[in-house]
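**Q** The feature domain 'EGF-like' is assigned by TrEMBL to 54-92, 133-172. Among the features that TrEMBL reports, signal peptide is placed at 1-27.
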Amino acid sequence: MLPCASCLPGSLLLWALLLLLLGSASPQDSEEPDSYTECTDGYEWDPDSQHCRDIDECRYRYCQHRCVNLPGSFRCQCEPGFQLGPNNRSCVDVNECDMGAPCEQRCFNSYGTFLCRCHQGYELHRDGFSCSDIDECSYSSYLCQYRCVNEPGRFSCHCPQGYQLLATRLCQDIDECESGAHQCSEAQTCVNFHGGYRCVDTNRCVEPYVQVSDNRCLCPASNPLCREQPSSIVHRYMTITSERSVPADVFQIQATSVYPGAYNAFQIRAGNSQGDFYIRQINNVSAMLVLARPVTGPREYVLDLEMVTMNSLMSYRASSVLRLTVFVGAYTF
């Protein structure tokens, strides 16, 4: 209620009117904020511009990784391989392996990233994700004794016909005679050699010789045709591998009968036209057949190893032959 003009002295009336005019002339100034608290969240009062200005929350490092300032607010972001935690400020590792990481075979999660790895027998491609088969056979010629076959993620060793795989890399001859996997008749004997077998007649005696036991033929002294022939022929068989180191002792000859005063000499009577073998006499009753040169199979030798028995006092001379068939395998194993 304004004071009564007629009730006030002249000077007081003048001051009252002045205050009333000043108050009504600037109503907005009375509403000016006096502090930043009157700005909305995310803003503060700027006394210079007399306006509310955005607060840069990122300067306070609220975020663990990256902070993006926004008008009146801010947003936290994480580096690749991480995601925002429940508080929207911290970052937690992302398990990319559980989220469809592009690894072809194996995935290993690590802090902030992941690694692709390959199964045994594969190698990681340059792209870091896909896997390529390793051709183990191209790395070495010694992985397999005979043949290496590359397969996806692995390799396998194969052996030639007549052999079987021993362990994983070696080849072993199949003894068809012992296993019964042969086709020899009852009148034949199965002879095994490296990589195969041979069926030979049980009776290999040729006139004038007669069979007296298995593999032994005798030339009767009563037969005139036997006078210039060895008194007996014994059949034996053996097998050797190709490219064998030389010189190599391969077969020992042993006299079965010893006569007082007799001297025995050993020689290769036939079958050694190329000189691949020679005889080394050990003593009066034994000698060794020696392979002189490397031989390559498959090949077959039929060697007549002769033992000549002599007695000069009695003017006695006789001979017997061991007919040795040597099978040379096609391979070095």
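Glycine residues also receive a Cβ, built from the backbone N, Cα and C atoms like all the rest.
Keep in mind that this is a model prediction, so the values were computed, not measured.
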**Q** Report, as numbers and ranges, which residues of the same chain sit near the domain 'EGF-like' (133-172): CB under 8 Å and 6 or more residues beyond its ends.
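**A** Residues packing against the domain 'EGF-like' (133-172) from afar: 119-123, 194-196, 330-331, 333.
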**Q** On average, what pLDDT score does this prediction assign to the domain 'EGF-like' (54-92)?
**A** 94
**Q** What are the helix, strand and coil residue counts for the domain 'EGF-like' (133-172) according to DSSP?
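**A** Residue counts in helix, strand and coil order: 3 helix, 18 strand, 19 coil.
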